[in-house]
Amino acid sequence: MARFAALAALAALLLAVAVGGAAAQGVGSVITQSMYASMLPNRDNSLCPARGFYTYDAFIAAANTFPGFGTTGSADDVKRELAAFFGQTSHETTGGTRGAADQFQWGYCFKEEINKATSPPYYGRGPIQLTGQSNYDLAGRAIGKDLVSNPDLVSTDAVVSFRTAMWFWMTAQGNKPSSHDVALGRWTPTAADTAAGRVPGYGVITNIINGGLECGMGQNDANVDRIGYYMRYCSILGTATGGNLDCYTQRNFAS
C-alpha cells in the first residue's frame, strides 16, 4: 500500500513538473510572473476598476489554449508579438493620463467600456475591448462559450476575457489580416492595401483594431498612446520595434 502511495505521489509530482514545464517553455518563458508585474505595475491599483481581475495565471491559462500565440518564430519575433499584443491591449484598457510621466504604466486598469454605450449589451469588454454582437458570437463559437447570451462572461471570467482577446488577435476577418501574422512579419499587403497606404508594421495592427476612428487622419493621441505602450514593452523585453508604427496616413480597411 505504501509503495502504491509513493508511486501516486511521484506521478502527481511529475504531472506538476510537466504542467509547469509547459508554461515555462511557452509564453511563460518570456512573460514570467515578475515580468508581467513589471509590465503592468498598476493593474491592481485601487484606482483601477479591474483591480484583481487580470491575473498572471489567467493570462497563461488563456495563452495555453492558443499554441501559436507568443510562441512562433525567432526569439525576437516572439518578443515583438507579445510587446505588440500588450501594447494594443494596454491602450484599450488604459488608466493613464496623457502627458504624465507614467502614462504608459497604467495598462489593464479597466475591464469594460466606461460608458457602456457602444453596441449594448455588446459593449467593449476585456483586454481587446471586444465589441459588437458579431464579435461576441464569433469569439464565443471559437472558445466554446455562449457570449451572445452571456456577454458579461468577458468581464467576469478572466480566462474567458483573455481568450477573447487572443482569439481576435489570432484571427483574420474579411479583408483584414490577423494581428498575429502582422506582428510576425508574415502579412503581404495586396494591391488594394498598398494603394490605401497600409504597410507592414505595428501601425496596421492599430488599423485592424480601430482603424475607422484612428487611421488616415494624421497624428492623434490614441495612436501616440498605442505606440508609447508598445515601445515601452519592446524596451522591457529587449527587442526592436520595427518600422511603420502609426497609421496616420493609412486608410482603414472598410474604406
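Yeah, the Cβs are placed from backbone N, Cα and C, and that goes for glycine too.
The active site, proton donor annotation in TrEMBL covers Glu92. Positions annotated as disulfide bond by TrEMBL: Cys48-Cys109, Cys215-Cys247. Marked as domain 'Glycoside hydrolase family 19 catalytic' by TrEMBL: 48-70, 160-170. Among the features that TrEMBL reports, signal peptide is placed at 1-24.
Across the domain 'Glycoside hydrolase family 19 catalytic' (48-70), the prediction's mean pLDDT works out to 98. Checked against Cys215 (disulfide bond) by C-alpha proximity, the recorded positions Cys48, Glu92, Cys109 yield Glu92 as the nearest. The Cβ neighbour count for Cys215 (disulfide bond), using a 10 Å radius over every protein chain in view, is 29. Each of the disulfide-bonded residues Cys48, Cys109, Cys247 was ranked by the number of other C-beta atoms within 10 Å, and first place falls to Cys247. Neighbour density for Glu92 (active site, proton donor): within 10 A of its CB lie 25 other CB atoms from the protein chains shown. Assigned with DSSP, the residues of the domain 'Glycoside hydrolase family 19 catalytic' (48-70) fall into helix, strand and coil as follows: 8 helix, 0 strand, 15 coil.
Taking the Cα atom of each, Glu92 (active site, proton donor) and Cys109 (disulfide bond) are about 9 angstrom apart.
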